Structures are given as structure tokens and as C-alpha cells.
Amino acid sequence: MVLAAKQIGFSNPLLRRNPSSPSLQRPPPSLSFPSTALPKRTVLSLSKPLRLSSLTAESPVRCSAYEADKSEPQPTDAAAAAAETKSEAAKKLKIGIYFATWWALNVVFNIYNKKVLNAYPYPWLTSTLSLAAGSLMMLISWAVGIVETPKTDFDFWKTLFPVAVAHTIGHVAATVSMSKVAVSFTHIIKSGEPAFSVLVSRFLLGETFPASVYLSLIPIIGGCALSALTELNFNMTGFMGAMISNLAFVFRNIFSKKGMKGKSVSGMNYYACLSMLSLLILTPFAFAVEGPQMWADGWQKALSDIGPQFVGWVAAQSVFYHLYNQVSYMSLDQISPLTFSVGNTMKRISVIVSSIIIFRTPVQPVNALGAAIAILGTFLYSQFIGLGCFWSNIVEDSKIWSLRSNVSLTGCHAGKALIRQDMECCGPMLSSLISVKSGSEGLDVDMCSQ
């Protein structure tokens, strides 16, 4: 489908009635919306600017329009408008349930994971059991038909391999960190992941970012440093584990973005395949670093100290690890990356607060201030990165949009841009909504793509 939007200016109807005067002639404003087959164009000409309230990607194209001096479009079908409102409300409720479930599962996992590591300080085996539980759950789901088995080939697994290596390193490093320091401190340091992302993208990939993105790194780095310096139970191994986890997950995201484009695997199945491949990578290293003898001795000690409920803790942390990651990947299928990033920031807050309360972690006021500054910086980063990279992401991903032909962006805010010249959008819109507002100076184009 092609949308061609041309610059619209205000015109006087009296001028159009006297075409003989060459100095007063103006081309009439027009908006043309060709059908999918493009047999011919339909032209709308009005003396007032048009506001297009919606455009759907289905064929044929359906539009609703209203004059610029009207505050709201008049629905042509009350039942259709009510159904659309109901559908939007249901979608928001679904996203809210995803977020609440994601946060709750993550909090439960972190609590049980820390309990297990306190009694059984073997993070390599604990990490392996988490991946094994998730892999087993998904294999059973595929076997009984609860989840559709993904269609993969050798090229898919070859592309997934570097992603799995980075995921394995990040997972183990985070578990090592939580075995040495408080859960809250690990997550405060892990909130500095955006700083690693920007630095790696800038110096290794050559990407550039707006100044606001670089400025948002100041509170992130400063807050993490303040928390580290004032942590009562600081441990260098725990600190470095969180830092390595940040770096590994940045490379995981880069490999995933570069290599997995065009792979038709849903979020749930994608994470299942990632877990299985990570399990194969991690298992031999777990045997080499810790080994069965250490595991057996530690297991007996933990059972004698904690009792049979220790087995339940191990099972719970393994299962909840997979569930919270699975829900997070499923939510990415429903929301934008910017919304996901904000949700991830709020998740860290919930984990930090809940772990401090449950484990009664002593926190100094200056330490809490550092955590608050770091998390605030992470939130600002998520806002600025979505603001500054909106159009570059659209142009880069040709599956969603291809912007061509004399496009001049004179302002960009929250996904809106003022376009002075003709714009041509090509390619499938993927359930996108386009709202074109015309004026005497240009077109204000608001695009929201999921």
C-alpha cells in the first residue's frame, strides 16, 4: 500500500472561481489514497484543510475525515465506534495484565533465587537448573500441543548461537553477583545497562545518538557509582558479576537485532529456543567450574540446614525464572520497545523495594539516593532513546517503513514529525495508525507502529 501526502495550503473559494487571473491561480489541495491494486487515484479537494483521523492497513483502504475546525470526527457507525473503543480497552487491559504478571513473577524469582544461593552458593549449577526447567517445560508444551512447535532450520540456530552465548554469560554473571551481594545492589548496578548499550553502539558500531541520550547517562553512571561506594556489604565479585551481565546482555540485544530480522518465530518460542541452546552451552562449563562433588556436598549441607523445603526453593526459582522471561518476551509481541523499556525500569524498582523489605537489607540514605538517581536516569534514557531514534528506526527497518522522496524533518516529538515536502511510505504497515494533520506550512504526521 502506498500513501502519498502532498503539501496543503489554505485557499479561498472565490479565487478558484476566477481561473482567468494567472496571478491568483493555485493548485487545489489534494490527498490521494490509491487502492492496493493501484488501478486509479481518487482525489479529495476542499477549501479547508482535512484531518484524517484514521487509516487502516487492510484492503480496501478505509479513511474517516473531518474538517480542521471540528474538534472530533463524527463516527459514521455508532456500533463500529463502540466496538473499536471496546477493543482498545481490552488491549490496554491485556497489556496491564502482562506487566503485572511480568513484575510479580520477577519478584518471586529473585526472592527464591536469593534464598537458594544463600543456602547453596553454587551459581553455575543454579543457572543451569533454571535453563533446564524452562527447556523441559517448553518441550512438554510442544509435545502435547499447548504451544505450536516453531518451524526452524539450521540457519536459524546458526544465527541464534551468538545470541545464546551472550545470554548464557549474562545469566551466569547475574547469578554469581546475587550469590555475593544483596539482590537490591545487583539490580541497582544492572540499571546501568543503558550506559553500556550507548557506549558499545557508539564506539564499536559507529552509531550516534542525540545529546539528550548522552546526558541521561550522567545520572545512571553517577547513581550506580554512589550506590557502589556506599554499599554496606560491598563485594568486588558481586559488583563485577553485575557489570559483566550488563555488557553481555547488550551484546545479546545487538546480535539479536542484527541476526534475527525476518525470522518468523514468536516471542515465546524464540525464548524457548534461546534457553535450550544456552543450556547446551552452559552445562559443560558448569561441570568444569563447580563439579558434581561440590554440588553433592553442598546439597547435603543445605538439606540439613534448611530441611526438605529447600528442594521446593530450587524448583520454584527454576520455574519462575523461565516464566518471567517468557512473559517478558511475549509482551514484546504486544507493545512497543519504548513501552517495554519503561516497564523494565518499573520492574527493577519493584524488585529492589521488595527484596529490601523481605530480606531486611540495611540501606543508608545516601545509598538509596544513588539507587533513585540511577533508576531516574534509566527512565530518562528510555524516553530520550525513543524520542531521538524514532525516525532512524523506521528508516532502518524496511519491513515497516521506507521513507523516500524529499523528506525534511523539522521537528520530532514523541513520534511526530513536521514534513515540508512529499512523503512516500512503502511496505506493510503492521497494524499501524497514521494520522495526517494538514496546515498552511506542511503536514504533521503522527505514526504509531507496534
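Glycine residues also receive a Cβ, built from the backbone N, Cα and C atoms like all the rest.
The region 'Disordered' annotation in TrEMBL covers 12-36.
Annotation comment: TrEMBL describes 12-24 as compositional bias 'Low complexity'.
The domain 'Sugar phosphate transporter' annotation in TrEMBL covers 93-382.
TrEMBL lists 95-112 (among others) with the feature transmembrane segment.
Sequence annotations record features per position, and here TrEMBL assigns transmembrane segment to 124-147 (among others).
Residues or ranges marked as transmembrane segment in TrEMBL: 211-230 (among others). Non-local neighbours of the transmembrane segment (211-230) in the same chain are 185, 188-189, 191-192, 194-195, 198, 239, 364, 366-367, 369-378, 380-381, 384-385, 387-388; each lies 6+ residues outside the stretch with a CB under 8 Å from one of its CB atoms.
Residues annotated as transmembrane segment in TrEMBL: 236-255 (among others).
For the transmembrane segment (267-286), same-chain residues at least 6 beyond its ends with a Cβ under 8 Å from one of its own Cβ atoms are 124-125, 127-128, 131-132, 134-135, 138, 147-150, 152, 156-157, 160-161, 163-165, 167-168, 171-172, 260, 322, 325-326, 329-333. What TrEMBL lists as transmembrane segment is 267-286 (among others).
Annotation comment: TrEMBL describes 369-394 (among others) as transmembrane segment.
Here the transmembrane segment (95-112) has long-range neighbours at 178, 183, 187, 313, 316-317, 320-321, 323-324, 327-328, 330-331, 334-335, 339, 343, 346-347, 350-351, 354-355, 358, meaning same-chain residues at least 6 beyond its ends whose C-beta is under 8 angstroms from one of its own.
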